[in-house]
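Visitor: If you scroll down you'll find the structure; I have some questions about it.
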Amino acid sequence: MLNNLLLFSLQISLIGTTLGGNVLIWPMEGSHWLNVKIIIDELIKKEHNVTVLVASGALFITPTSNPSLTFEIYKVPFGKERIEGVIKDFVLTWLENRPSPSTIWRFYQEMAKVIKDFHMVSQEICDGVLKNQQLMAKLKKSKFEVLVSDPVFPCGDIVALKLGIPFMYSLRFSPASTVEKHCGKVPYPPSYVPAVLSELTDQMSFTDRIRNFISYHLQDYMFETLWKSWDSYYSKALGGLLLCCPGWSAVADLGSLQPLLPGFKRFSRLSLHCSWDYRLPAGRPTTLCETMGKAEIWLIRTYWDFEFPRPYLPNFEFVGGLHCKPAKPLPKVLWRYKGKKPATLGNNTQLFDWIPQNDLLGHPKTKAFITHGGTNGIYEAIYHGVPMVGVPMFADQPDNIAHMKAKGAAVEVNLNTMTSVDLLSALRTVINEPSYKENAMRLSRIHHDQPVKPLDRAVFWIEFVMRHKGAKHLRVAAHDLTWFQYHSLDVIGFLLVCVTTAIFLVIQCCLFSCQKFGKIGKKKKRE
C-alpha cells in the first residue's frame, strides 16, 4: 500500500500542475513579429493558450496548426502588397536620406511622408478590431489574462483597456528613446546617455554632448509632430469608457520606487494586496503617450553586453538575445532554395528556405561575420563570440555597429563608398588582430553569465502579470505628475519667488536703514 502511494506521488510530481493561461498578441510585422514568435513558442511549451490577432493583409504572420495557438484573422481594406510597399519606402527613404547634421531636416521631411502612410495602415488595422463588435465580443468571452504588444504598432493598449486586462510591451527602441522617456518615464540624462540613432557612445566630448543634446530634443519634436494624430484617435476610442483595472499596491521596507543603475539590484520585503486603482473619467481626453504609460512591463530587447550603462526603472526588463540558442550541426553543403526538391540532390546537401545564420555563426571555423547591423544578427554574433564587419544600412543599424565598435568587437565599412579593397581590409583586420576576437568572446561570456536566460525572463514576467493581474507595484509615481511637476518647475518657481522676495525685503530694509541713518546724520550736523 505504501509503495503504491509513493508511486502515485511520484507520478503526480512528474506530471506537474498545469497553470496554463490565455495570452492575447497584438499583430506586428518584421523582426518585431519574429522576436515575439520566439516568446509565443515558449509560452506554448509552458501549456499556455495563445491567440494572435492577424490582419488579412499581414505580411509576416503565417497561421499554423497548433491546438494551443489560435490565429484570429480579421478583414482590413488592404493586401500584403500595401505593407510591403510601406516597408520598401521606409528602407529606400532611409538609404537615400541617411540622417546627418547637414541632412537631418530633409530626412525628417521625407520620413514624415512614409510614417504618415504607415499610420494610415495602422489605423485601418486598429479599426479592423475595434469596430468589429463580433470580434470584440468574442475576445471578451475568451477571458484573456494579458495582452502583449509592441508600441511601434499602436492600439494593442486600447484593446487591452477595453477588455479590462493588463498589457505589456516588447520593444527594441524608439528614436532617441522618446517613448521610453516620455511614456515610460525612464530618465535619460543627455550628458552621458547617447540618444538612439545618434551613433554616439557614452564617452562624449563637449562637441558630442552638444550633438547629443540637440538629437534628443529634435527627435522629441519629431515624435510630437509625427505621432500627434494618434492622440485624437485614442481619445475617441477610449472616450466615455470607464476603466477599472486590477492593480497592486506595495509597501516596501526600502521605500518608494526609483531609477536604478545596472550595477544596483533591489532587495526588499514587499507586502502586496490587490486593489482597483485606475479610473479614467468618462469623456476625459487622453493621449497616445499617457495610454502607453499604463503598460505593466516593458521587455526591452537589448542587454548590458550591448547597451551602455544607464538608469532604468523596475518595470523595464532587458531580454536582449532571447532568440539565441546553441548551434546545430551543419551538413557539408547548404543551399538556399525555394521550390521542388531537385531529384539529383546529393546526400551531403541540405536545402533551406532561409540560411540558418545562428548555426553558421556557431560553427567552430567561423572567423568573422559581415552584417548589416540588425539587432538579431548582432546578438547571434555576441552569443557565439564572433567579431563583426558592419555594413549598416538604415534604422538602428548604424547605431548598433557604433556600439560594437566602441566595445572593440567590430569594424565599420561605409555602404555608399566601400570598395572590394575596403571590405577585404576590414575582414583581414577583424580576423588577424586578436583583440577583436577577444572582445567578442568577452561580450559572449557576459551574455551567457546571467542568472536567468533572456527568454525565461521574458516568459516569467508575462506569467507574473497573469498571476498578479498586473504589476502596479513597479509603476513609478512619475506617471501621476504633470510635466512641470515632473521637472520640479513648480518647486523651482516657488523657491525663486521666496529668494526674490527675501532679496527684495533685504534691499528695502537696507534702503530704509540708509534713509533713516542719513536723516539722523543730517539732523546732527544742523544742530
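Glycine too: its Cβ is placed from the backbone N, Cα and C atoms.
According to Swiss-Prot, the feature N-linked glycosylation site maps to Asn49, Asn347. As annotated by Swiss-Prot, signal peptide applies to 1-20, with the evidence given as sequence analysis. Residues or ranges marked as topological domain 'Lumenal' by Swiss-Prot on the basis of a curator's inference: 21-491. Positions annotated as topological domain 'Cytoplasmic' by Swiss-Prot: 513-527. Look at Swiss-Prot and you will find 492-512 tagged as transmembrane segment.
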Visitor: Please report the Cα separation of Asn49 (N-linked glycosylation site) and Asn347 (N-linked glycosylation site) in Å, rounded to an integer.
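Guide: Taking the Cα atoms only, Asn49 (N-linked glycosylation site) lies 39 Å from Asn347 (N-linked glycosylation site).
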Visitor: What is the total of other Cβ atoms whose distance to the Cβ of Asn49 (N-linked glycosylation site) is within 10 Å?
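Guide: Around the Cβ of Asn49 (N-linked glycosylation site), 18 other Cβ atoms lie within 10 Å.
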Visitor: Across all the protein chains here, work out how many other Cβ atoms are within 10 Å of the Cβ of Asn347 (N-linked glycosylation site).
Guide: 8
Visitor: Work out the three-state DSSP category of Asn347 (N-linked glycosylation site).
Guide: coil
